[in-house]
Protein chains: 2
Amino acid sequence: MLEGLCAFPLTPVSEEGVDEAALTGLVARLTAAEVDSIGVLGSTGIYPYLDRTERSTVLEVAVAAAAGTPVIAGIGALRTREVLAYAQDAQTAGAAGLLLAPVSYHRLSEEEVYGLYRDVASAVSVPVIVYDNPGTTGFAFTDELYTRLAQLPKITGIKIPPPAAEVAHRVTALRSVLPGSVSVGISGDWVAAEALLAGADCWYSVIGGVFPATAQAIVDAATAGHREHAQALSQALEPIWALFRQHGSLRVVAAIAETFGWVQPPSLPRPLLGLSAQGRTELEAALQATGLAE
Amino acid sequence: MLEGLCAFPLTPVSEEGVDEAALTGLVARLTAAEVDSIGVLGSTGIYPYLDRTERSTVLEVAVAAAAGTPVIAGIGALRTREVLAYAQDAQTAGAAGLLLAPVSYHRLSEEEVYGLYRDVASAVSVPVIVYDNPGTTGFAFTDELYTRLAQLPKITGIKIPPPAAEVAHRVTALRSVLPGSVSVGISGDWVAAEALLAGADCWYSVIGGVFPATAQAIVDAATAGHREHAQALSQALEPIWALFRQHGSLRVVAAIAETFGWVQPPSLPRPLLGLSAQGRTELEAALQATGLAE
């Protein structure tokens with residue numbers, strides 16, 4: 001399951017709640033594109049902004065629209081108490097895997113993070129993916145902690161952030177210290193092709209949540225070992241990657257979904273604002289330049 | 001109200017809920033010490049870890065135990081929707097002021113933060129304090145944003161973090177750009193004496209939440225212009241300040257409250273762990289060295 005393309009849809013919301021019809025449409029596009037898995041309630045799915053009822057709604061809608069495609073559910077929260085409740089809800093709704101980031105306000109220690117994963121892994125019956133996202137959690141995993149976590153039951157994947165240094169080197173190093181039973185997956189769409197070419201098992205993809213065929217083509221080329229083709233496909237999307245790095249990928253894909261009419265603007269919860277007018281002009285140019293405007 | 005000593009009590013919790021009796025005891029100690037104000041649901045009061053019902057319980061218990069001492073309530077949350085609800089709850093419970101940090105998961109832009117404060121300031125009837133805490137929110141305020149926010153109605157105080165550079169210089173610089181009607185208050189107990197001597201109006205104090213008389217003595221000395229005495233009193237607490245910087249002040253004051261029997265261990269919500277055995281040994285030595293052990 002934790003191989004190939006895991007596509008992350010937005011959770012379109014208004015101040016009143018989740019837009020279930022729009023979410024169904026977003027997930028159905030991914031199902032139709034035959035992605036390997038669908039990651040709901042990821043960072044792109046704004047899980048920390050949703051309450052328990054809203055998260056359950058998202059899961060039920062997504063599992064139905066996924067029509068058998070495995071659904072991986074984000075379950076992160078500040079308190080272990082809530083994480084365990086969300087894990088139970090996700091399993092009940094039919095999630096095939098759970099994605100857990102060490103969400104923090106007071107910065108967590110290594111032992112606190114280990115304890116969180118230990119408590120969750122011992123309470124669930126489906127695979128758990130360690131979600132390393134220092135930009136949002138403020139917590140930096142060490143390779144030693146990865147290795148300890150990989151020994152826990154149910155921990156079957158690690159989702160790594162784009163590394164500061166060369167991504168191929170990072171993936172190779174991680175593969176050498178982690179057991180083969182643990183999937184190594186990449187975040188940071190602009191380094192995904194290189195990571196896959198270096199042996200990463202899975203791409204946890206933001207662009208795949210809106211343009212699944214575009215992302216799938218990169219996965220297919222990399223998996224087939226067509227290095228130059230995979231690199232060229234990724235390089236062709238550089239105008240989009242630049243906007244991701246500048247504005248945050250969430251704001252960009254929300255604007256894409258609004259542009260194509262897949263969601264109603266504004267689709268992000270306040271205080272988050274969509275892209276500025278200037279950002280939308282840049283996006284329109286990037287969509288034209290990459291051939292995604294259609 | 002936003003002058004002198006604002007003492008921040010812990011919110012003692014178990015996995016089941018708030019320990020109301022212990023909270024009453026903690027707040028009553030501050031009331032008896034005649035602090036200028038009591039800051040509940042601050043970072044020390046673990047506001048982001050509590051649900052709406054728990055926050056309301058804390059407010060009701062604290063306002064009763066404060067017996068007329070002004071209570072300032074933390075109202076931060078990821079969504080504007082929740083912040084507005086917490087603000088209303090806090091006013092209903094009798095809070096005299098509201099403390100708002102730009103809590104984030106996806107990092108907020110300056111315009112998003114401005115919009116948050118604008119929306120809240122226009123919806124409330126009591127003073128709002130801008131809570132600048134980059135270590136927990138990941139958001140760095142600029143002086144320009146401070147100045148814009150100070151022009152909003154109801155924004156009557158700014159709580160600044162310990163600056164990287166000299167604190168006296170920072171306080172003086174801020175005082176020169178902000179209107180006199182806006183209180184400048186300091187966080188980071190180890191720089192509080194210097195900040196007060198440089199003209200800061202208020203000390204938002206963690207140590208004051210457990211040892212109010214000790215903190216009050218520093219405020220009194222600084223306010224009276226007794227520079228060397230204020231500095232000596234603060235310097236004498238350096239063993240405690242060192243533990244604050246090493247372990248985070250929350251874990252240290254929770255261990256203090258547990259040591260003195262004011263709260264039942266464990267008093268922090270999982271995945272947060274209390275101080276390690278080694279940390280508690282260091283704390284015991286620090287309490288002895290500073291004369292706080294009694």
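Note that Cβ sites are derived from N, Cα and C of the backbone, with glycine treated the same way.
Positions annotated as pyruvate binding site by TrEMBL: A:THR44. Listed in sequence order, the residues of the same chain lying 6 or more apart from A:THR44 (pyruvate binding site) and placing their CB within less than 8 Å of its CB are A:PHE8, A:PRO9, A:LEU10, A:VAL206, A:GLY209, A:SER249, A:LEU250, A:VAL253.
For the recorded site, A:TYR131 (active site, proton donor/acceptor), the DSSP three-state label reads strand. In the structure as shown, the Cβ atom of A:TYR131 (active site, proton donor/acceptor) sits within 10 Å of 28 other Cβ atoms. Taken from TrEMBL, the feature active site, proton donor/acceptor covers A:TYR131.
Within the same chain, the residues at least 6 positions away from A:LYS159 (active site, schiff-base intermediate with substrate) whose Cβ sits under 8 Å from its Cβ are A:LEU99, A:ILE129, A:VAL130, A:TYR131, A:ASP132, A:ASN133, A:GLY185, A:ILE186, A:SER187, A:CYS202, A:TYR204, listed in sequence order. According to TrEMBL, the active site, schiff-base intermediate with substrate annotation covers A:LYS159.
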